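Asks: I am attaching a structure below and will ask some questions about it afterwards.
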Amino acid sequence: MAPKVITFSFDVGNGPVELTVHSAAPLNDDQWHRVMAERNVKESVLQLDQTYRASRLAPAQGHTRLELFSQLYVGAAGGQRGFLGCIRALRMNGITLDLEERAKVTPGVKPGCQGHCTSFGMYCRNGGKCVERYNGYLCDCAATPYDGPFCSRDVGGFFEAGTLVKYNFMPEAVAGASRDAKTVTHQLTPHEVNLTKEEVSFSFSTSNAPAILMYVSSKTQDYLAVVLRQNGVID
């Protein structure tokens, strides 16, 4: 099960208190997540990524001060399974703790959180986003018109006048070349079809207008179209 839960627990003498926030997405995705945990005489608060928040009011009576005399452990405690990853911008009671300097003299902890993308991110071409992994990196090409390990493979097509590419959404359609020599048909597999929403994104360049960039219709009168008008307006 992917970890999606962060907890903040403490005991000031009134019994243990635990706050929990649940993330919609897994937290072991090698992306940065910001945690803020606070306890004062009025309430306790736990916040994750400025999106998820949990709070609890302090009891009206009882102990309010937290008296700690042990060392502060970061990354593990009491022989428990240690943290594998990077921690930065650690602040406690308004004081920034220099993890980099302490890491230089701590076996198994390396200073800095630069990661692989600092050294190899330039290999993600054409606007691809470098994403950190524990043992390397990958290039996310989702927001680009390119594909491949380094977003260098062009997945676009040049359309001559009067040509089109056709994708079949209906399962009874047959993939292959149509009778029109200027049309190529492709069958979409079930996992490529989303029946709950309609979303499309693409880039284009042209010197001719007007033009139909995309059109799809149903057996009823429903349709969806993206059109370039004569005046240069997209609608």
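Cβ from N, Cα, C; glycine included.
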Asks: Candidates are Cys86, Cys141, Cys151. Which one does TrEMBL pair with Cys113 through a disulfide bond?
Replies: Cys86
Asks: Going along the chain, which residues six or more apart from Cys113 (disulfide bond) have their CB under 8 A from its CB?
Replies: Cys86, Ile87, Arg88
Asks: Going by DSSP, is Cys113 (disulfide bond) sitting in a helix, a strand, or coil?
Replies: coil
Asks: Once the chains shown are all counted, how many other Cβ atoms turn up within 10 Å of the Cβ of Cys86 (disulfide bond)?
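Replies: There are 15 such Cβ atoms around Cys86 (disulfide bond).
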